[in-house]
Amino acid sequence: MPKFYCDYCDTYLTHDSPSVRKTHCSGRKHKENVKDYYQKWMEEQAQSLIDKTTAAFQQGKIPPTPFSAPPPAGAMIPPPPSLPGPPRPGMMPAPGPPERTVLHANLAACQLLLGQPQLAAQSCDRVLEREPGHLKALYRRGVAQAALGNLEKATADLKKVLAIDPKNRAAQEELGKVVIQGKKQDAGLAQGLRKMFG
Ligand SMILES: [Zn+2]
């Protein structure tokens with residue numbers, strides 16, 4: 001009788017019968033291994049996505065701003081050169097395919113990792129123009145604004161996330177940090193005022 005191999009636990013079971021398998025698979029250790037396995041897999045997926053996006057961004061495949069986005073069809077006819085004309089199509093955020101939203105949302109995550117909160121906030125703006133309720137973009141812009149010291153904007157974005165998804169742990173934690181950061185700023189300001197007038 002062939003032995004049963006459990007992928008998750010990386011072990012062979014001594015017997016292969018339905019009852020042995022059932023006992024093994026309902027064991028605490030096996031369940032933990034399954035959880036670890038999927039957690040690791042998810043982290044690898046996320047990391048590879050981030051790596052790919054970062055690489056594409058660094059190679060210039062993803063435009064860092066919407067201004068280089070292709071103009072919408074129908075806006076291709078340039079105005080006659082004699083007319084000053086309305087702003088050129090390139091000046092307007094062009095409605096693009098929905099993939100762009102995903103790209104900009106992922107790009108924002110990479111920009112945060114790269115320590116570029118200003119760019120991350122801009123990427124999120126692009127996403128939120130099209131999808132005002134995009135949770136990840138709202139959250140990432142909140143994080144970016146907090147990093148830039150724009151605590152009111154950060155609070156507004158994070159509160160929007162929590163209005164849509166009240167149990168969002170990441171947003172709860174980030175909002176907590178922003179509140180603490182705000183108190184420190186206030187304390188610093190008060191101290192400065194005391195020095196000036198005290
Ligand atoms: Zn197992």
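Don't overthink the numbers, they just go from 1 along the chain as shown.
The backbone N, Cα and C atoms fix where each Cβ goes, and this holds for glycine too.
Look at TrEMBL and you will find 4-36 tagged as domain 'Matrin-type'. Mean pLDDT for the domain 'Matrin-type' (4-36) in the predicted structure: 86.
The annotation region 'Disordered' is assigned in TrEMBL to 64-89.
According to DSSP, the repeat 'TPR' (135-168) comprises 27 helix, 0 strand, 7 coil. What TrEMBL records for 135-168 is repeat 'TPR'.
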Would you mind listing the long-range same-chain contacts of the repeat 'TPR' (135-168), meaning Cβ under 8 Å and 6+ residues beyond its ends?
104-105, 108-109, 111-112, 117-118, 120-121, 123-125, 127-128, 174-175, 177-179, 181-182, 185
